[in-house]
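**Student:** One structure coming up, written as structure tokens, with questions to follow.
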């Protein structure tokens, strides 16, 4: 099987623009003009990366001027050594990642890096020869040789920076590995792993949530369309109480499982969005970017929570770190249209409670099962009928190693609708976000251990997982449509009543 985080490792070099490296040591290159010298350290600093492509597509865009803004730890050697498995994974996930180009660039990088190292060694040898007493003619010859080597290195090191930039940009489009049990194919190939409850039988003509909400005076789409545009809404009266109840109930229940509550920033840097696996600048992006800034509105609390330990080395003893985060979410919903998206089902702004876990690699499968169990328990306690699906390869975003979706029955819409998902992203995100942990030493340090040397061996990347506890509009649709009564009233699920001041029924307003 493809082991999860191998696509990203600190052995990665920086990345570059297009060129052919082995035309390097010609006489003309040795005599080229003197541009700005980039040391190997500055070359490394220049390496950074753009957004991983969720469904594929080259990050490089074909232009040598495109520069990555951050660096992912990509294990190019592993990709090369497991070429067939990586290619199969790209194909099954319908990714447009260009593996052949990545490997071609990697080979060019290795050859150029070797050439740069050879020239550096020659330059150092020349410098050492000049330390003693020398005949003036010999010294002058060495000076000239050193000057030529320096000029050659300037060009090669610039080429190396450009090549590593391009290599990073192309490699970032390679999706995460896939769990061996994930069904292969499009969304229709997804497998139902559990079904809870059954569709409620009604002995009266049912209404959808839009009609129910209008009669109960719960929301106003028309006024919101005038103020903000389509797919926005005002919540009114008991709908406000219902949103607050869902949020507080979810946070209360999940906190009992050892999750730390958070309220997150809702504007984040574009680079953090990219590192989490989203595309703020892609065509048909779901992300709202703020003009003339490097910031975006979040589409999920997964992004700011994922970044909370960015560029950190955690102690193994603090793992797992479990968070339950409340935020508003903003999505462009580009390309979404039709009756299936009407009303509250698909909107540009909504409230959500998200679960997020940082854990040791060997425990991520276990925590994935724990997350889906929490979700199932939450929705079963509300009395909803739903099914849990193991999503097929074609429906996985780039970060997900495996994803479970929950779809609940929505009788007014006459279909099942997704109300949550739970994803194991293994170390795909942590390799981009720079989140590692230091394993605890298996034995106590010896008396002669070197001072300052960290015990416990080399650091490792954590695994990250995320899951929806409550996406408020979708659950509001479920509650209104499933618990409607013949007189137009709505019975509030019992677990929510304490969070609504004891309110049990939403009744039509008297005219």
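From the backbone N, Cα and C atoms, a Cβ is placed for every residue, glycine too.
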**Student:** Taking 41-66, 67-92 as the choices, which stretch does TrEMBL tie to region 'Disordered'?
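**Tutor:** My reading of TrEMBL: the region 'Disordered' range is 41-66.
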**Student:** Which residue range, 102-159, 218-275, is the one TrEMBL calls coiled coil?
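**Tutor:** It is 102-159 that TrEMBL annotates as coiled coil.
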**Student:** According to TrEMBL, which of these ranges is region 'Disordered': 416-435, 436-455?
**Tutor:** 436-455
**Student:** Mean pLDDT over the domain 'Aminoacyl-transfer RNA synthetases class-II family profile' (208-493): what is the value?
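**Tutor:** Per the prediction, mean pLDDT sits at 93 for the domain 'Aminoacyl-transfer RNA synthetases class-II family profile' (208-493).
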**Student:** Whole-number Å only: compute the distance from the Cα of residue 348 (ATP binding site) to the Cα of residue 466 (L-serine binding site).
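**Tutor:** Rounded to a whole number, the Cα-Cα distance is 21 Å.
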**Student:** State the Cα to Cα distance, in Å, between residue 468 (site 'Important for serine binding') and residue 350 (ATP binding site), rounded to an integer.
**Tutor:** 13
**Student:** With the L-serine site defined by 300, 331, 354, 466, which remaining residues of that chain have Cβ atoms positioned within 8 Å of the Cβ centroid?
**Tutor:** 298, 299, 301, 302, 303, 329, 352, 468
**Student:** Roughly how many Å lie between the Cα atoms of residue 350 (ATP binding site) and residue 331 (L-serine binding site), rounded to a whole value?
**Tutor:** 9
**Student:** Give the maximum pairwise CA distance in Å, whole number, for the residues 300, 331, 354, 466 listed as binding L-serine.
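**Tutor:** Roughly 18 Å, rounded to the nearest whole number.
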